[in-house]
Amino acid sequence: MKITLFSSKPYWVKWFNELNKFSYEINYVTSACDIKSVNEAKGSEAVCCFVNDDLSKEVIETLHSNGTKVILMRCAGFNKVDLDTANKLGIPVLRVPAYSPNAVSEYALSLIMALNRKTHKAHDRVRDANFEINGMEGFNMVSKVYGIVGTGNIGEQLCRVLKLGFGAKVIAYDIIENKAVTDIGIEYVKTLDEIWKQCDVISLHTPLNSQTKYMVNSESIEKMRDGVMIINVSRGALVNASDAIVGLKSGKISSLGMDVYENETDYFYQDHNGSIIKDDNLSLLISYPNVMITSHQAWYTKEAISCICGTSLQNFVDFRSNQIKKSNLVNNPISSQPTQ
């Protein structure tokens, strides 16, 4: 059976080849999945796509016409997938729901600590033989109040490290409380406004939907403490970049760490060295000394990529044997039958 894997990189080839104990034929395509490249999957029973691949109505209809029966997302997010079209055409969309909450929560912590102690700037200085520490002042981690927005697996892990590891005060917000979080003495607040008003460091760990889009905007920033640090390792559009820039310029936001960006599709996972960044907000944010932007790599650990590749292959096995795990299925296809 054939799988076409879009947005292929050497690390995907390495791990899928190592874990493909089922001897599936895998067609590796370096291009992202979109209307221009979709015909590369012609004759493939499955396509395996990544977070920024474009699975629009037109793309999914073309996949269906070309014989694709199932979409395997090798990530947790699926906001670029037209689920309505997949449902109508009977195409299941399977994902990897929890490949490594530790990897992402640890990365969020690394952004907090780097922005606090300015280790990235210190490293650059020393490389230039500048051993001055002027402007490198930070704060003791225990001295600040941390607000965790979203306490699923990732948010819970960050709560644990901040509370139990550093002994810091942590408050949380989520529409559903996580008992594991309250069991370690962390209090939930009833509204986001309480997070905005009470916290020195705010870390976002929520999915992107109509309620969460631009949750960090001019109105919410105005309610925050002066000098707030904001961390986003979830979805780029949780933060309105234009409003964040205004907050950074005014000093309301002291530092911003983002592993995601709303318009990242045109840039992340690609080498644009020597090119002009045409996204004005992204170009401006990259230039700020108190902003750290990385290219959606919080998930990227050996353990996580092994889990992602293994689960993606197992999802195809489960589809072919009519034993799809409900926890991995993100849509409600009318009908779906594997090729016999």
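Just so it is clear, glycine is given a Cβ too, placed from its N, Cα and C backbone atoms.
Copied from Swiss-Prot, the annotated features are:
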type	residues	note
ACT_SITE	Arg235	active site
ACT_SITE	Glu264	active site
ACT_SITE	His296	active site, proton donor
BINDING	Asn153, Ile154, Asp174, Thr206, Pro207, Val233, Ser234, Arg235, Asp259	NAD(+) binding site
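Shown here: features listed in Swiss-Prot, placed on the structure.
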{"residue": "Asn153", "record": "NAD(+) binding site", "DSSP (3 states)": "helix"}
{"residue": "Asp174", "record": "NAD(+) binding site", "DSSP (3 states)": "coil"}
{"residue": "Pro207", "record": "NAD(+) binding site", "DSSP (3 states)": "coil"}
{"residue": "Ser234", "record": "NAD(+) binding site", "DSSP (3 states)": "coil"}
{"residue": "Asp259", "record": "NAD(+) binding site", "DSSP (3 states)": "coil"}
{"residue": "Glu264", "record": "active site", "DSSP (3 states)": "helix"}
{"residue": "His296", "record": "active site, proton donor", "DSSP (3 states)": "coil"}
Extent of the NAD(+) binding site in Å [max Cα distance among Asn153, Ile154, Asp174, Thr206, Pro207, Val233, Ser234, Arg235, Asp259]: 21
For Glu264 (active site), the number of other Cβ atoms found within 10 Å of its own Cβ: 21
Spatial neighbours of Arg235 (active site) among the binding-site residues Asn153, Asp174, Pro207, Asp259 [C-alpha, 10 Å]: Pro207, Asp259
Nearest of the recorded positions (Asn153, Asp174, Pro207, Ser234, His296) to Glu264 (active site) - Cα to Cα: His296
Length of the line joining the Cα atoms of Ser234 (NAD(+) binding site) and the residue listed as 'active site, proton donor', in Å: 9
Same chain, 6+ residues apart, C-beta under 8 Å of the C-beta of Pro207 (NAD(+) binding site), given in sequence order: Gly77, Asn79, Gly150, Ser234, Arg235
Among Asp174, Asp259, which are binding-site residues, the residue with the most C-beta atoms within 10 angstroms of its C-beta: Asp259
